[in-house]
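What follows is a single structure, written as C-alpha cells, with notes after it.
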Amino acid sequence: MTACSTTPTTSATSAQPAAGSPLQWHARPSKSDTLPFEGAWSVQAIQELLDKPFMDLMFQAQSVHREHWPAGDIELATLLSVKTGGCPENCGYCPQAAEFDTGVKAEKLMSVDEVTRAAQAAKDAGATRFCMGAAWRAPKDRDIEKMNELIGAVKGLGMQTCATLGMLQPHQAQSLREAGLDYYNHNLDTAPEYYQDVVSTRQYQDRLDTLKAVRGAGISVCCGGIIGMGEAPVHRAGLIAQLANLNPHPESVPINSLVRVPGTPLADSEPVDPLDFVRVIAVARITMPTARVRLSAGRQQLGDAVQALCFMAGANSIFYGDKLLVTGNPDVEADTTLLRKLGLSGTRTSVQE
C-alpha cells in the first residue's frame, strides 16, 4: 500500500488524535471552539500555522515530511473519467453537473476493454495508481457490480486502484472492497460552514457518512478539498481541521486549485494566490504527516516554480497524465522533465515510522 496505517511518532508538529471518535463535522470555529477529542487540531491552531512566516512554515513542513517519508519520492497516479457528465448534483465548481452549460456531454460507463487499455497506457507511462471517476450522485447496486469488473481488470495489471463514485451505502463499500478496491475518493471540498455556498444538493454530513462506510469496509480513504472557491482564510483552516481530525486521517489528501470552467457558477472566482496555495500544502503535511498529499486539479495554472515549492512543502503525489476527468493537466513529458530538474523520482514507497 502507498500509505499504510503505521502510527506516526507523536510530536508537537505531528500530533494525532486517539482512535475511535465518530465522524462528525465540527461547529463553526471560534476562539472557544472545543473539538471532540483530546489532541484534535483546532481551527485556531491551524490558522496560526497558515499565518506563520513563509520560510518558517516551509521549514517546519519539510522537517515533518522527512520524519515520515523518503526525500524525493513522488507517487504518480492517473485519473480517468469512466462515466462522464449528466450528474444531478449542483457543485459550483464541476463542469459535469447536468444543469450547467459547460459543453460536457453525458456518456455511458466505459467498457472493461476501454478501461483496461487506459490503465495499461498509464502504467506504461509510469503511473502506479489508477483512479476511476464516475459522475453519479450515488451509484445503484448494478453500477457497483459493473465497477467491480473494472476494478478487477485494473488490479490484474498490478496497479493500485481508486474510485470516486459519489455517496455509498455500507454494503456497496463492502462490495468494492471485496472486488479489490484499495482507495475510495470522497472529498470534503471545503469547511462545513462554507459548504452550502458551493453545493446545495447534499449536506456535509452526507460526505462524512460515506467516509464512515468506506472506513468500515476496510478501504483506505482519499479525501481532500479545493482552494480558490471564494472561501475565506478561516474556511481553509476549517477544511484542514476536518481532514486532520478524521480518525485516522486520510491516507491520501488531494489538494485542488480551482479550475475555473466557463459555465459553472464559480467560473469568475478570483484566482488563489500561489503562495497561499503552498501554505495549505504545508499545513496539510504538518497536520497529516503520514498522508500522501497530492497536487491535483489546477496544476497547469500553478507553473513549475510553485509546484516545486509545493513539493518542498510536503506534497508527494501528483495526478499524472494530460487530463483529469474533463479538465486539462500537464502532459507526461512536462511532468517527467519537471521531476528530473528537481531531482525527484516517481516511485512508490510506504510511510516511515
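Each Cβ is built from the backbone N, Cα and C atoms, and glycine gets one as well.
Of the residues CYS131, CYS310, Swiss-Prot places CYS131 in the same [2Fe-2S] cluster site as CYS162, CYS222, ARG294.
Report note: the [2Fe-2S] cluster site is defined by CYS131, CYS162, CYS222, ARG294, and the residues of the same chain whose CB lies within 8 Å of the CB centroid of those residues, excluding them, are ALA77, LEU79, ARG129, THR164, TYR183, ASN185, SER252, PRO254, PHE319. In sequence order, ALA77, ARG129, PHE130, CYS131, MET132, LEU181, ASP182, TYR183, TYR184, ASN185, CYS222, SER252 make up the list of same-chain residues 6 or more apart from CYS162 ([2Fe-2S] cluster binding site) whose Cβ falls under 8 Å from its Cβ.
The Cβ of CYS94 ([4Fe-4S] cluster binding site) lies under 8 Å from the Cβ of CYS87, PHE100, THR264, each on the same chain and at least six residues away in sequence. Excluding CYS87, CYS91, CYS94, which define the [4Fe-4S] cluster site, the same chain contributes GLU89, ASN90, TYR93, PRO95, GLN96, ALA97, ALA135, VAL199 within 8 Å (Cβ to the Cβ centroid), listed in sequence order.
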